[in-house]
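These notes are about the structure you will find just below.
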Amino acid sequence: MEAKETHSISDHEVELQDAKPEEKSENGNFVFEKAFSSDEEKGSGYNTNETYSKMDNSLQHRGVSKIEAVRDSIYQNKRGMYLAYAFGIAILACSWASAIQSSTTYSYQVYATASFNRTSMISTLEIATAIISSVCKPILGKFSDITSRPMTYTLVLLFYVIGFIVVASSSTISAYVIGSVFISIGSSGLDYLNTLVVGDLTSLKWRGFMTALLSTPYIATVWFTGFIVQGIIDSNWRWGYGMFAIIMPAVMTPAVIILMYLERQANKDENIKKIINYQTEEKNKNKQSKWQKLWKAVLEVDLFGLILLGVGWSILLLPFSLTSYAKNGWKNPSMIAMMVVGGVILIAYSGYEMFIAPYPSCPRRVMNRTFITAVIIDFFYYLAGYLQSMYFTTYTWILYDWSYRDWTYFNNTMTIALCVFGVFAGAMHRVFHRYKYLQIIGLVIKIVGYGILIRPNFAATGKVDLAWSLILIGMGGSFSVVGSQVSCQASVPHQDLAIASSLLPLYTNIGGAIGAAIASPIFSNKVPKYLREYLPSSINDTQVYNFYSDSSLIREYPVGTEIRDGAIKAYSRSMFFLLVPAVSLSFIPLAAAFWQSNFYLGNQQNAVEGDQDHKKKGDKETTQEEKIII
């Protein structure tokens with residue numbers, strides 16, 4: 001499978017990846033017709049100064065070759081297709097369990113942190129989990145390339161189980177945070193692997209639809225997770241975490257077994273046997289000790305560089321959420337020192353990646369225009385999104401005397417919109433074979449959704465305003481996210497799919513962490529200030545601090561009382577300072593979207609390699625003898 005070289009861009013030539021594959025049957029193969037000549041189609045899908053050479057494409061890891069063998073084998077006969085459907089059902093079951101877990105445990109955060117008198121620590125938790133889990137994705141991606149996709153699923157399951165056990169048994173806020181980090185790695189790792197496998201096994205025209213389909217369980221789970229939350233909170237929030245230490249292994253094991261079986265069957269193919277024999281010969285020529293193999297694996301996943309990245313961003317951003325607890329706030333030397341050290345570490349990371357790292361976490365070959373634009377769009381999308389959503393559940397908790405169930409329903413409004421319109425966006429990709437303009441429309445809708453929440457000096461408090469804003473934000477967000485995901489995966493060859501699919505959420509989650517870091521000091525400074533201003537003078541400063549630390553105390557006063565109405569006004573005033581920057585920053589991804597490429601979404605696995613169509617029985621086989629497994 002040899003990569004095609006980049007053509008120069010002129011008035012009469014466009015790059016190969018923007019060519020439209022006409023579905024003409026010729027021994028089962030698809031033929032690329034003449035490329036479109038419009039300016040839109042002339043956009044460079046990848047860096048023209050850095051092509052994917054034959055040597056680059058041949059240096060392929062074992063895990064990539066294994067999943068390619070699976071992809072080829074499932075289209076050869078009905079049995080392979082049935083097994084593929086079974087695997088699809090299995091990962092959909094994983095998505096169901098993950099949807100229930102995230103829909104419920106997100107609501108438990110308020111109660112868990114309140115039990116430790118650390119409600120405002122939610123932002124610190126969000127920063128820590130966002131950065132660490134996102135930094136782990138490139139490691140998981142490289143691990144899946146070096147070993148296999150099933151092996152990585154097993155590793156993710158291990159993180160899941162450990163995290164749930166630690167959180168369920170936590171006696172301090174520190175233990176709760178550590179367990180939450182493990183859960184976040186497991187949850188984000190599962191989502192990442194599901195997305196990666198969908199990218200491995202589907203063509204571009206179905207990519208967005210199938211990826212969005214993995215999120216559809218949220219459409220159903222939202223209606224009964226409220227009952228689960230209500231029942232758990234009435235007894236003990238810890239069991240809400242602990243039960244998933246049993247559920248997740250039960251639902252993930254079938255998916256792992258089926259994928260392992262598919263790999264085993266695919267490895268019986270003669271071409272794969274030749275590759276394995278060649279790899280065995282290479283091993284015999286260059287024998288390495290276990291320590292040498294381990295060191296090579298550490299270098300290949302760029303473990304040192306990713307640790308620098310994660311530690312640097314964590315140390316830089318955590319002071320924003322810790323200043324309210326530090327003596328003298330920003331005047332505390334520790335806060336200043338953390339920011340300085342974090343900045344220095346990030347500079348060191350940049351230098352290490354550019355000049356020292358033998359296997360950079362972000363190789364230059366994937367830094368094409370399409371990928372960079374997708375990163376910019378999602379980076380600011382998440383940054384603005386975290387500004388709006390970080391304390392939005394707490395805000396709605398204060399506004400109305402909803403039951404736990406109804407409160408959970410409302411908090412999942414945006415989730416439902418994201419899932420429903422995500423499938424719609426994927427269907428539009430299948431019908432029109434393009435994604436750019438739908439993404440632009442989505443970003444405009446998202447801005448309108450933010451705007452509905454803003455009133456002069458206050459945030460909206462009406463139920464209709466809140467509901468419509470969440471629906472529009474979810475709708476617009478789904479159009480954008482699905483577009484970024486598809487364009488990112490389309491812009492690189494299959495051998496780089498794992499790294500590109502992990503780097504996009506890495507940088508966008510850093511954007512979310514920055515948004516959380518900005519939201520935390522705004523919330524921690526504004527809420528106590530406005531609580532003191534709008535609460536009756538009969539409430540002393542200690543009570544004000546207690547209301548701020550434990551928002552459930554405010555709920556003890558019915559809506560309409562002087563104390564409750566004063567608290568609502570204080571929270572509404574504070575949310576205004578989060579919503580204004582959120583809507584302002586949302587114009588940046590909108591501008592970037594106009595620079596996005598607009599690949600034709602056809603039968604190919606990606607848009608930069610020519611011979612990428614799924615092979616069916618009777619098709620001419622693609623030789624794999626030139627592939628070398630590292």
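Glycine too: its Cβ is placed from the backbone N, Cα and C atoms.
Swiss-Prot marks one residue of Ser8, Ser38, Ser289 as phosphoserine, namely Ser38.
As annotated in Swiss-Prot, phosphoserine applies, among Ser10, Ser25, Ser44, to Ser10. Both Tyr241 and Met335 belong to one identically named topological domain in Swiss-Prot, hence to the same side of the membrane.
With Cβ pairs under 8 Å as the measure, the transmembrane segment (155-175) is packed most heavily against 242-262, out of 242-262, 336-356, 440-460, 503-523. In the predicted model, residues of the topological domain 'Extracellular' (524-574) average a pLDDT of 91. Listed as Cβ neighbours of the topological domain 'Extracellular' (101-120) (distance under 8 Å, sequence separation of 6 or more from its ends, same chain) are residues 167, 172-173, 176, 183, 187, 218, 221-222, 225, 228-229, 232-233, 237, 240-241, 244, 247-248, 321, 324, 393-394, 397, 404, 407-408, 411-412, 415, 520, 523-524, 548-552. The transmembrane segment (336-356) shares more Cβ pairs under 8 Å with 303-323 than with any other stretch in the list 80-100, 177-197, 303-323, 575-595.
Taking every recorded stretch in 80-100, 177-197, 371-391, 575-595 and counting its Cβ pairs under 8 Å to the transmembrane segment (503-523), the highest total belongs to 371-391. Contact count against the transmembrane segment (80-100) (Cβ pairs under 8 Å) is highest for 242-262, out of 177-197, 242-262, 371-391, 440-460, 575-595. For the transmembrane segment (371-391), the neighbouring stretch richest in Cβ pairs under 8 Å, chosen from 177-197, 303-323, 440-460, 466-486, 575-595, is 575-595.
Here the listed stretches are 177-197, 303-323, 575-595, and the one with the most C-beta pairs under 8 angstroms to the transmembrane segment (440-460) is 575-595.
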